[in-house]
């Protein structure tokens with residue numbers, strides 16, 4: 001019997017073994033040189049701890065609230081596409097794992113299970129991720145379906161006026177299946193001579209003329225709070241707040257869009273300072289350890305989003321794998337809190353970490 005994984009990273013190799021190369025590359029790959037893909041992970045490693053001692057950590061609580069909803073830990077499942085390519089049960093299995101762990105799942109607009117199927121599968125707190133399409137009626141219908149199905153927030157992804165150059169998908173001629181969410185609305189079976197039909201679909205449907213005023217339009221068609229995902233600068237963070245966003249996700253799209261954009265953890269504090277506590281700030285990209293979660297919280301994030309590790313867990317062991325990924329991160333976060341002298345999430349402060357910039361400044 002093969003040894004069970006002891007950390008989240010080990011699920012990646014299990015997923016690589018389990019998946020066809022085309023699908024593994026689709027999930028694992030980044031844009032162009034994949035500099036940002038590596039940097040998302042490496043940037044966490046350059047942050048170190050300032051642990052405090054002789055504090056009562058006999059009881060540790062990871063619980064927190066996100067947009068007013070009580071959750072077991074400051075961890076959310078990020079929106080990632082086409083889970084049935086990883087496992088036959090797809091997003092339904094992911095949602096059940098989220099419910100079992102009491103963490104929030106953000107369902108991707110490119111899910112292979114419908115909005116309604118995922119909603120009826122379990123009682124997880126769910127958000128729905130969306131783009132604004134050239135045909136606004138498609139966006140409106142998907143948002144209304146999510147609202148009717150009990151989703152609690154809309155996550156608007158704003159960093160894809162065009163799809164990034166994902167060279168593995170081009171080489172593999174990655175084919176996206178028809179997505180059930182779009183049945184009767186549009187076809188995802190776009191024919192392309194340029195390799196990936198995922199790119200062809202995105203280019204034919206996404207609206208490159210999207211601006212901040214469209215956030216106002218989205219707010220006008222739903223009562224749900226809107227999180228803006230894809231912010232990397234203080235200028236855009238301020239604009240997001242002015243546009244009425246209920247929260248911001250610091251994200252570079254898992255390094256799948258603009259290569260050589262900054263690692264998300266390296267610009268998190270810039271965004272946090274810009275919003276001045278007016279809205280919560282979340283971060284995704286490169287989180288592989290409970291220590292990474294702690295570092296993000298210390299730099300001002302209210303929670304982190306987990307993308308690829310969830311898909312790897314799903315590919316390796318289905319719903320159980322997703323649950324184990326979430327549990328591993330929670331267990332490691334709990335240990336990090338105990339060893340750093342933080343009994344609760346509220347006790348994690350900026351003083352608990354040192355960034356590479358601070359070390360450089362102190363040495364000058």
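Positions of Cβ are set from backbone N, Cα and C atoms, glycine also.
Database features (TrEMBL):
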{"type": "ACT_SITE", "residues": "253", "note": "active site, proton acceptor"}
{"type": "BINDING", "residues": "79-81, 108, 129, 157, 229, 251, 284-288, 307-308", "note": "FMN binding site"}
{"type": "BINDING", "residues": "131, 166, 253, 256", "note": "glyoxylate binding site"}
{"type": "DOMAIN", "residues": "1-358", "note": "domain 'FMN hydroxy acid dehydrogenase'"}
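On the structure: features taken from TrEMBL.
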residue : record                       : Cβ contacts under 8 Å, 6 or more apart
79      : FMN binding site             : 106, 107, 108, 109, 129, 155, 157, 307
81      : FMN binding site             : 108, 110, 111
229     : FMN binding site             : 129, 155, 156, 157, 158, 159, 248, 249, 251, 284
253     : active site, proton acceptor : 157, 159, 160, 164, 230
256     : glyoxylate binding site      : 29, 30, 31, 37, 164, 166
286     : FMN binding site             : 39, 40, 41, 42, 43, 44, 263, 264, 265, 292
288     : FMN binding site             : 7, 8, 9, 41, 44, 309
**Request:** Do me a favour and check the Cα-Cα span between residue 131 (glyoxylate binding site) and residue 308 (FMN binding site); whole Å is fine.
**Result:** 20
**Item:** Neighbour count (Cβ, 10 Å) for residue 284 (FMN binding site)
**Value:** 28
**Fill in**
One finds that other Cβ atoms within 10 Å of the Cβ of residue 166 (glyoxylate binding site) number exactly 23
